[in-house]
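Asker: Quick one: structure below, then a few questions.
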Amino acid sequence: MQGSLRGTQFNKLLIGQAFSFFGDALISIALAFAVLQITKSPVALGMVLFASRGLLAVFSLFGGVLADRFNRKTVMLSADLARMAIQAITAILILTGECTILALAILQAISGIATAFFNPASMGIIPEITPNESLQQANSLLGLLRNATGIGALAASGALVATTGPGIAFAIDAGTFLISSIAISLLKKPRSEHGRQPTTIFADLRDGWHEFSSKKWIVAAVLHIGLLNLVALAPFFVLGPLVADKQFGGAPAWAAVAICFALGAIAGGLLATRIRPARPLIAAFCAVFLIAPQLLALAIPAPLFVICIAASLGGLQATLFEATWLTTVQRNVSGELLSRVNSFELLVTTIFAPVGYALAGPAVELLGTRSTLIIGAGWVVISTIGVLTLPSVRTLTWPEEKLEKQSTASSVK
């Protein structure tokens with residue numbers, strides 16, 4: 001891997017995100033079991049997850065506009081402070097026994113709005129604080145860190161939920177957002193500024209949409225990811241805790257599955273730092289086939305250790321796909337439009353997830369858990385084969401000449 005991240009501003013972001021990732025992993029377990037502590041209804045669980053993701057999808061468009069229009073550091077800092085306050089309030093309600101499904105849904109919906117502003121700004125700031133030749137290394141390291149910190153957090157979350165309930169996990173998450181905001185505040189001025197003439201929000205959205213829709217490979221990939229979220233991943237994350245609660249003893253078992261997913265993701269991140277496929281999207285989408293085994297294992301349901309092995313394969317594909325995909329987008333989209341393009345990507349990919357969360361409960365009542373998960377696995381295989389047949393996906397390569405010019409210009413500055 002060419003280039004080094006040593007001594008760059010990216011390292012400050014990396015440290016802050018380590019704590020934020022830890023908190024996110026805690027909540028991935030705690031939120032599901034906070035709902036199950038109130039009711040065992042899969043519909044209620046799906047609706048809370050819908051609330052946490054639905055507004056994230058809608059507001060991501062405005063988050064992208066703000067991130068391209070204003071200082072991305074300020075946008076990220078404000079979002080982190082807002083999420084800190086929301087998770088602190090959630091923790092208090094759970095710990096005092098006053099939390100209801102409605103309150104939990106509303107609070108997590110507001111947290112989702114804050115995340116909708118943070119994510120496009122984070123996507124856009126990475127190329128500003130990272131050398132061009134080190135972008136894939138940076139994206140891979142973020143994926144590695146997310147999953148390395150997640151292993152400890154998932155184990156802690158399972159233990160916390162089993163012994164003290166989910167409230168403490170939300171309190172810790174609030175603290176991690178505070179630490180992340182401090183790290184972001186220490187970032188210096190990015191190496192490039194947008195320098196755009198003032199325009200209206202709708203003009204900004206139009207420009208972002210034009211850039212997004214003009215690249216067929218982005219549109220195809222984003223639709224594919226969105227439908228995977230709807231048909232495969234959302235049912236997995238709704239039904240997984242329910243299967244674990246019924247078959248394997250609850251939160252510790254689901255935490256074990258999540259830890260194995262994280263271990264696989266670490267392996268995928270390490271692999272992503274070392275490879276540079278000539279046709280990045282072919283490599284990225286071939287990895288997506290590895291989602292299917294975890295759905296099939298949960299559908300049976302297989303013994304817990306088999307589900308854990310299958311989850312590790314799912315983790316491997318997650319970081320390998322993410323690092324390759326993010327780097328491909330960052331290298332092929334203009335920096336001043338990057339956050340807006342990312343916001344359209346987030347809108348499409350995330351809007352399907354909350355719909356999937358909301359429909360997972362009714363799907364189980366209509367089809368049963370096993371059939372719902374098997375349909376998801378089949379969709380993974382069929383849809384991925386379909387997207388790999390598209391010429392715009394198969395033929396895309398790295399823009400070498402553009403990268404060399406950008407790298408030279410940065411060194412002159």
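A Cβ is built for glycine as well, from the same backbone N, Cα and C atoms used for every other residue.
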Asker: Under TrEMBL, which of the candidate ranges 86-107, 306-327, 372-393 is annotated transmembrane segment?
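Answerer: Of the candidate stretches, TrEMBL labels 372-393 as transmembrane segment.
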Asker: May I ask whether the transmembrane segment (12-38) has at least three C-beta pairs under 8 Å with the transmembrane segment (44-67), counting pairs 6 or more apart in sequence?
Answerer: yes
Asker: For the transmembrane segment (372-393), I need the partner stretch with the highest count of C-beta pairs below 8 angstroms, choosing only from 12-38, 168-187, 217-239, 280-298, 341-360.
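Answerer: Per the Cβ count, the answer is 217-239.
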Asker: I'm a bit unsure how to read this: which one of 12-38, 280-298, 341-360 has the highest number of Cβ pairs shorter than 8 Å with the transmembrane segment (251-273)?
Answerer: 12-38
Asker: What residues elsewhere in the chain lie close to the transmembrane segment (280-298), defined as a C-beta under 8 angstroms and at least 6 residues from its ends?
Answerer: 217, 221, 224, 228, 232-233, 235-236, 239-240, 243, 261, 268, 306-307, 309-311, 313-314, 316-317, 320-321, 324-325, 327-328, 373-374, 376-377, 380-381, 384, 387-388, 393-394, 396-398
